[in-house]
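Among the features that TrEMBL reports, DNA-binding region is placed at 133-232. Residues or ranges marked as domain 'Response regulatory' by TrEMBL: 3-116. Annotated domain 'OmpR/PhoB-type' per TrEMBL: 133-232, in sequence order. If you look up TrEMBL, you'll see ASP52 marked as 4-aspartylphosphate.
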Amino acid sequence: MRKILIVEDEIDVAKLVADQLKSEGFQVLMAHDGKSAIDSIDVEEFNLFILDIMLPDMDGSEVLQYIRRKTSKPVIMLTAKDNDMDKVVNFTLGADDYIVKPFSLIELTARVKAVLRRTEGTHHITENQVGKETILHCGSLEINCDTTEVKVKGNVISLKAKEFTLLKYLAERPNRVVTIAQIYESVWGKEFIHDDNTVMVHISRLRNKIEEDPANPQRLQTVRGLGYRLVCGK
């Protein structure tokens, strides 16, 4: 049974959401402030998080950052006002979806199921029982983390070391927008100082190798003004 953590300081709202998700077959835990959420994350494993932006003791972004340090499981952000949208756009760099209050319980349930399908159904990790190799699957991409072999539709492609590291980094965050700064600091291990050309060049090289039509990329997409995402399931 999939387990969901609801982080929401409005107790009535949290209970309504919890009851709805329980009726859909999910196991649900609730936390009404950031500290309680972090305590739960430290001792429990969850399949998905529903996280309010405004919490009484800390900003929701702090909880989101903590979640991202612990797990890549999906996060749906909740926001109370339309004018929080700029904030939400920033949060989506680490979150998987957002929904504005007031919202329909049916809509939220649909979002939960869609995010789980997207992140669980199109991306998974397997272990080769003979060689004990860890393999990332993202649609028709197959990435062997131990041998660095990459296949597209069963065909082996040749990648340079940094290209492989970049692809692996994106595949570990399927369908999630990551900024140029996040990519640079994680893949190159240096502080990002407005030098996006390095990342852009490597993205272009990757597209030439994994896309059927590099000029019209379907797998490795640009999200204007935000960054890039590797779309799984294509």
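Glycine residues also receive a Cβ, built from the backbone N, Cα and C atoms like all the rest.
Keep in mind that what you see is a predicted model, and the values were worked out from it rather than measured.
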Could you tell me which three-state DSSP class the residue listed as '4-aspartylphosphate' falls into? strand
Over the span of the domain 'OmpR/PhoB-type' (133-232), count residues by DSSP class, listing helix, strand and coil in order. 34 helix, 24 strand, 42 coil
What's the number of neighbouring CB atoms sitting within 10 A of the CB on ASP52 (4-aspartylphosphate)? 24
The average per-residue pLDDT within the domain 'OmpR/PhoB-type' (133-232) comes out at 89
Is it possible to list how many residues within the domain 'Response regulatory' (3-116) are helical, extended or coil according to DSSP? 56 helix, 26 strand, 32 coil
